[in-house]
Amino acid sequence: METYILSLDQGTTSSRAILFNKEGKIVHSAQKEFTQYFPHPGWVEHNANEIWGSVLAVIASVISESGISASQIAGIGITNQRETTVVWDKDTGSPVYNAIVWQSRQTSGICEELREKGYNDKFREKTGLLIDPYFSGTKVKWILDNVEGAREKAEKGELLFGTIDTWLIWKMSGGKAHVTDYSNASRTLMFNIYDLKWDDELLDILGVPKSMLPEVKPSSHVYAETVDYHFFGKNIPIAGAAGDQQSALFGQACFEEGMGKNTYGTGCFMLMNTGEKAIKSEHGLLTTIAWGIDGKVNYALEGSIFVAGSAIQWLRDGLRMFQDSSLSESYAEKVDSTDGVYVVPAFVGLGTPYWDSDVRGSVFGLTRGTTKEHFIRATLESLAYQTKDVLDAMEADSNISLKTLRVDGGAVKNNFLMQFQGDLLNVPVERPEINETTALGAAYLAGIAVGFWKDRSEIANQWNLDKRFEPELEEEKRNELYKGWQKAVKAAMAFK
């Protein structure tokens, strides 16, 4: 009887279940969206029970539609939207408040206060992160400070905290396992990435009782088994977990030091594996844990680009330049260049390496000769320029030159963008056959833990190339184009 690994990809707008076979190929998948709540401007929340319901629904869909039985699932891997925070009652299992999503800015006042008290360097030294509403620590503090009775219950040991992986493992195991993995713990602003434990001093500053926190385990590990009443009468090992970007790095088989991947989604997330050493960034990058496996922890440098695919959506929905995003490629290829036009898509500020939340989107170099095609091409090129900003910061911090860039996400179907990316970086860009690398990474982590796959070398052999984009641009032209981008960013930042 053939067996499979079930990967649960719990994202910001939907939950997906994907069944993988021994060759790392997709057998079946299901997806279900859930509600986004915006109680105030800048706030983003989810209903944690609704997320759980969506996960159960996609698992049921995959099992019933694929025709396999639950006994054929060798293990379950989880990958999740990172930083999103759930606090729930240990006895009843009910969340005390909505899940506060990674995008939500509702803790900006808390962050401002912590920065004013001079804590930024302390958090950075221990966690590799900045004090920012993005991360979980201030979200937990906000819930304890703002939900009636929450702090008292937390101090009595009655409340639990978890990122989405922790919440799902707790629910799937019937409340038996309160755990997280190293990659998710490293995004909380409460975990010391050098000592590999929750940091008492940081917990004290944030006012978060240690009793709320999950046990931190390797990313490839049998955490618990599912309770049978949710899983068709079977106890299935829950055996792997990683935050979505780290999971994509694993799914792209970036196992060696200096290997990197860029995910082109709503924004871009670029990660470079730095091996067993954590590199402290001097250039606006985050230092994070890639995964913990085989008794060792791998670290990564991470750069965040806030606007990527959403810039293409803006051309489609806001400016109505085309009806389907896939048409952006053919429009861009109708012209030889942007004719000097630069689009800086800073709709919500700029991320790595600038970290400027006040700058706004700008367009430079317009003339009477500028056409729709020039504008579309310039917007697509902005994704590649921002990626170069991040890669330059990574190479400066690590003294490692990237040999190839592996790519995934929705925008990688755009051949024009991928070729321009390779040209600009002067590095080959590799697009894999399977674009679902985030879900695949979680499947691999679970599969290794249950012996479905032997080790990372077996997985590396499964990585198959769809297309390699070799750089073709002359150095002089590349430098000239990038200098124009740098001028445009500088001008955009000056205009506030």
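Counting starts with 1 at the first residue shown.
For all residues, glycine too, the Cβ spot is worked out from N, Cα and C.
Per Swiss-Prot, sn-glycerol 3-phosphate is bound by ARG82, GLU83, TYR134, ASP244; the candidate from THR12, THR13, THR35, THR287 named for the same site is THR12.
Cβ neighbours of GLU83 (glycerol binding site) (same chain, under 8 Å, six or more residues apart in sequence): TRP102, TYR134, PHE135, SER136, LYS139, THR163, ARG187, THR188.
Around THR266 (ADP binding site), taking its Cβ as the centre, 18 other Cβ atoms fall within 10 Å, counting all chains. The Cα of ARG82 (glycerol binding site) lies closest to that of THR12, out of the binding-site residues THR12, THR13, SER14, GLN313, GLY410. If you check the binding-site residues ARG16, ASP244, GLN245, THR266, GLY410 against GLN313 (ATP binding site), the ones with a Cα inside 10 Å of its Cα are THR266.
Rounded to the nearest whole angstrom, the C-alpha distance between GLY410 (ADP binding site) and ASP244 (glycerol binding site) is 15.
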